[in-house]
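Worksheet: one structure, shown below.
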Amino acid sequence: MGKISSLPTQLFKICLCDFLKIKIHIMSSSHLFYLALCLLTFTSSTTAGPETLCGAELVDALQFVCGPRGFYFNKPTGYGSSIRRAPQTGIVDECCFRSCDLRRLEMYCAPLKPTKAARSIRAQRHTDMPKTQKEVHLKNTSRGSAGNKTYRM
């Protein structure tokens, strides 16, 4: 089995073959258009290599991908799985020094937090209802005294 070429490479090969078959001085405008299109496709695909994300661009990409969940700069690991751990690679190692794809970015998103289900009014307890203002009972400070006589209890 042969190696599968990319589409721009195949188009370039086809265009190059067509170009060699046709004499330059009798080339029609449609052939020139297709040749130019093939050359542009080939050159733009070879110059645009894999991109890396660093600094603010990396943070912006993570915020876009993860949304309100948030993200980690290091991969989250289990608690105390082993005393000695191998050095971890973070998102900067994977996406700034090398190129990374969308799936790699999603690996650093925080997990979804479960949302609290809104309770219906029927399910609420009576203590959840707003309290009405109660009568204020003043403490009887004159306990044990009647008139000007003081009694001890």
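Every residue, even glycine, has its Cβ placed from backbone N, Cα and C.
Swiss-Prot names the disulfide partner of CYS66 among CYS15, CYS17, CYS109 as CYS109. Recorded disulfide link (Swiss-Prot): CYS54 to CYS96, out of the candidates CYS96, CYS100. Among the ranges 23-30, 111-118, the one that Swiss-Prot lists as region 'D' is 111-118. The disulfide-bonded residues shown are CYS66, CYS95, CYS100, CYS109; of these, the one with its CA atom nearest the CA of CYS54 (disulfide bond) is CYS95. Here the C-alpha separation of CYS96 (disulfide bond) and CYS109 (disulfide bond) works out to 17 Å.
Cβ neighbour count for CYS109 (disulfide bond) (all protein chains, 10 Å cutoff from its Cβ): 16. Here CYS66 (disulfide bond) comes close to LEU105, GLU106, TYR108, CYS109, ALA110: these same-chain residues lie at least six apart in sequence, with C-beta atoms under 8 angstroms from its C-beta.
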